[in-house]
Each structure stands twice: as structure tokens, then as C-alpha cells.
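*Asks:* Take this structure first; my questions come after.
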Amino acid sequence: MKHIRNFSIIAHIDHGKSTLSDRLIQVCGGLTDREMDSQVLDSMDLERERGITIKAQSVTLDYKAKDGQVYQLNFIDTPGHVDFSYEVSRSLAACEGALLVVDAGQGVEAQTLANCYTALDMNLDVVPILNKIDLPQADPERVAAEIEDIVGIDAMDAVRCSAKTGVGVDDVLEVIVAKIPPPEGDPDAPLQALIIDSWFDNYLGVVSLVRIKHGSLKKGDKFKVMSTGQNHTADRVGIFTPKQTDKTELKTGEVGFVIAGLKEIHGAPVGDTLTLAKNGADKPLPGFKKVKPQVYAGVFPISTDEYENFRDALNKLSLNDASLFFEPESSSALGFGFRIGYLGLLHMEIVQERLEREYNLELITTAPTVVYEVVMTNGETIYVDNPSDLPAINNIEEMREPIVEANILVPKEYLGNVITLCIEKRGTQVNMVYHGNQVAVTYHLPMAEVVMDFFDRLKSTSRGYASLEYNFIRFDPADMVRLDILINGDRVDALAMVIHRSNIRHRGLALVEKMKELIPRQMFDIAIQAAVGSQIIARSTVKALRKDVTAKCYGGDVSRKKKLLNKQKEGKKRMKQVGNVEVPQEAFLAVLKLNE
């Protein structure tokens, strides 16, 4: 056990984490040069394309150190993006130390900071590493000072390397051996193993990545999943070198995989504890929290006969993504679909893109909403994630909206823009600290404002330099109302949205004007109204097309024309009573665009 080192890498997007891991694998000879592929660990096409890491992965490498000993390095890859922070906290729970990789040109970013604090809270040893020193704009001295100033860990003797050219990678390996402590655990205690991640393999069933905290797990052992209480047999155990390699047992402190032929991922929830079926441990390992979706949206297939395929696709996707939540939903305008819960906007985009790409579905997504806490007049509290489920106004005592604490790091020349944006989004400033050239601002913002377009706006007002990290803190009472769109007096459920009372005039007007352009003209007038409760706040009318019924009369008496015009008038009146209006799909999409 003295020769095991478990570590993960904390880094902001694009600071070179995946490239560094490629180098470590190459130096330790995990893959031959021919098999080496850039970003080995990002196995999803989407991960490669966007250059981000989504799922946690692990690799076990043997490294012969300068002191002549062979060390087993277990490296657990973590995502760097704010939406996947739960994946990060889980990866960190399996380690004793973390490498803090910072781009020597760009310096510290907000998400790096957030994940770094998570690591320090878990009592991990954080080892700073300055990457990309081959770049002309690299300034390792300044960045080292910035790490000390902002993160508060000693960084003057931080290892300097360039993962791309391979300079200094050996020093990184030495520092892992020297600075990161070996795992602690009792090999003779009952088995306790943390599930870091699970994914679904078409041939093997569910593959779980585990870290053995105490005891050991042998091939053929019967084990129990603690949260569900079910027993399974370990058909295969082993490690990734990145290639899957079978072993006879996983010992204390090691990280590896277990395959038990499970059919669905919920049988081995991520973050859960495994123990032996006989003489098992009494209590699970700490740190298992069920992850709650923060953002909900209705998703509908464009053609209704795709519904079955859509359902299968979601089921398959949720095999790999334990944080995905979905339930069937039907809408009078869009047909049958699902209400899907996501961790955040990036997660939402990625899920939608994977559905469209891997399963060839064409989908429409309604505007994302957050979960509101509603206190009813009869005293009960309900949670609502869909605007059309909101009770009538007179039954609501008060509405509370979720508030997030957003930590923003921004260069000081853009501070003014960022503050203006936060105020416009109804934020309250909590804290502001200057660190050299960067400013760390903390705001409490309504989550509904953050999920709409906050991130994009933040990036554009700061020319891409600001970085954001947020987490949910509490529900606060707020004056929120539901804005309905009525077409000829009928509510269109897919267009309802929950917004703050101060925005309703502006939003209502913009919506009805937009709808007016998109709904095709009929033979009768169509009234488009925006309403809150029973109060109409904006209206526009799509004028009727007129057929010239008097064209065939020339000359003659005026009463003849009057008769024809009156007949037309009667007909229009009748049509207006029975005619219903098809709302084209462009109209729905336009409303979603309007939020941006």
C-alpha cells in the first residue's frame, strides 16, 4: 500500500488537463506509441469535439521512480466544467491528493478555484503545476504568485511543465510520488468500496469504477450495494491501463472496475458503497448525496411517431448519466414528450446534442425553468418545475425562487460590465476581493436568471475573460407570476413561463409582437394576448384576409352589395366561433429565442 498514489487533476477547461494525462500515460508506457491518441480519456465524440471532459475516467499506471521503487499511480480524470461539479466531488472523494494544473499564460479561473476548495475541504493535498510554459505569453512567476494569492497554497516551487512538448513531465511524476500521501485503510476490515462512476457497456452490462477504502474485493465474491441492499456477484474485476485489464482481486487503496452483469445503472448508484454480502460493513462511506436536477425543460420530438424511439434513447442515455431525470409530459400544442431535469445549461445542451446525434432524433425544447417552492393558502408547500402546473393565483400564499451563490472571477477592466449585468439580473453583491489583476466577485442571483442566458452574456460583456462558478444556497420569497399566452382566448400551455412581476409588461409585449409575425393569417381575426391570471397585459391582432365578394356586381343597386357583405360578415362570425388556429413550430422556437 505504501507504493500506491491516488490522485486527480483539477484544471479549468482548456488548461491542458487531458493533454497532461496523455503524457503521463505515454511516459509510464500505458499504451504503445501507435495506440496513443490525443485525449485518450475523453472517449465520447462530443467530449473530443467540444474539448471538454464530461464523464470521470480512471487509469492505473506503473511508474519506476528515481529512488528505484515501482509506484502504482491511480489517476482519476475529472471534468472541469461547473455543471459537472458533482462528478468532480466524487472523483476527489476517491483520492488522497490532487494536481492543480494552471495555464501559465491565463492564470487562475473561477471553476478551478471552486474545485480546488472542494479538494481542500476534503483534506486532500493539492500540488500546483504550471502548464503550457512553452507559450510565448507564459508568465510562470506571475501565475505562481496568483495561485498563492487567490488559492492560498504555496506555489513558488511549483513544477513547471509543458504537456504538449513533454518538458517537465518527469518532474510531475516525481512530485506525485513525493508530495501525495499513500492511501490509508485497513486491509483486514470488512470491504468498503466507493463507486466513483458507472457506465453501461453493450456486452458486459454495467461497469462500475470503484475505489477500495478498506478490505479487498476478489473475483467471484458476492457483494452488496448498500443503498439498495441487493446482492450481486463480481464476475470480473480489474484495472484500466487505459485498456481494460482483468485481475484476480482489488486490494485496499486501489482503484479499478467491477462487472457484475447488472442490467441497469440504478442498481449501482454512483457515490454508493459496496460491501461483502457476508460479514459486510455496517455503515456506508460518507459523501453520498443524491444529485438533484436544477433546471427542467420539456422536450418533444418534432414528429409524434418518434415518441417510442425518443423514450428508448432516454432510457439508454440514463444508463450512463445517473443525474438525468425524466418523466412523460403531454402538451396540447406539441404532443407527447418528456420533462427532463438537468444539472445546468451545459448539461442540457450536451444531453440534447447526444440525443440528436447518437439517436438521430429531431427535438424541440421548451424554455428551461427552475424549481419553485410554492406555499399554498392552506399551508402546504409544493415544488413546481413546470409553469403549467402552477396553482391558480388566489391559492398561492407566496412563491419562493431558488437563489444561487455565483462566484465570478474577472479582470478588473471588465468589472463594471459584470456588475451592471448582475444588477440587471436582480443580483445582490455579497463580496468583492481584488487579487492583483483579477477581481473575485460574489453575488446572490436568482437561479431563473442564471439559467436563461447569464453565462453567454457574462462571456460577451467580458470578452470571454470572466469565469463563473455557482451553487444553490436557498429559496427566497419573490414576486413571481405566470405569464400565459392566449390565442383567440385559448391558453397555449407550451408557451407559459414563470417570470418576475417587474418584467411582465416588457416580456409580454415582445412575445405577442413576435407571435403576430409568425402566425399565418386566416379568414378571421386572431387575437394574441399575454395574460397574468385574468388580467390581460398585452395584445396584438393578426388581421383577417378579405375576399372581395362584391367583385361580380357592377352597377346595380347598393342593397345587392350590402346583402353579399352581410352574408360574408355572418360567415366570418361563424368561422371565428369554430375555427381553431394552428400554431406553427417556428413560433415556439422563436419564443425560446426571445429569451436570449
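Quick reminder: no glycine exception, Cβ is built from N, Cα and C everywhere.
Here's the feature list from Swiss-Prot:
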type    : residues                                                                 : note
DOMAIN  : 2-184                                                                    : domain 'tr-type G'
BINDING : Asp14, His15, Gly16, Lys17, Ser18, Thr19, Asn131, Lys132, Ile133, Asp134 : GTP binding site
*Asks:* Taking the domain 'tr-type G' (2-184) alone, what is its mean pLDDT?
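*Replies:* A mean pLDDT of 71 is what the model gives the domain 'tr-type G' (2-184).
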*Asks:* Where does Ile133 (GTP binding site) sit in the DSSP three-state scheme?
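*Replies:* Going by the DSSP assignment, Ile133 (GTP binding site) belongs to neither helix nor strand, so it counts as coil.
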*Asks:* Non-local Cβ contacts of Ile133 (GTP binding site) (under 8 Å, 6 or more apart, same chain)?
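*Replies:* In sequence order, Ala104, Pro140, Arg160, Cys161, Ser162, Val167, Gly168 meet the Cβ cut-off.
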*Asks:* With every protein chain in view, how many other Cβ atoms are within 10 Å of the Cβ of Asn131 (GTP binding site)?
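*Replies:* Looking across every protein chain shown, the total is 30.
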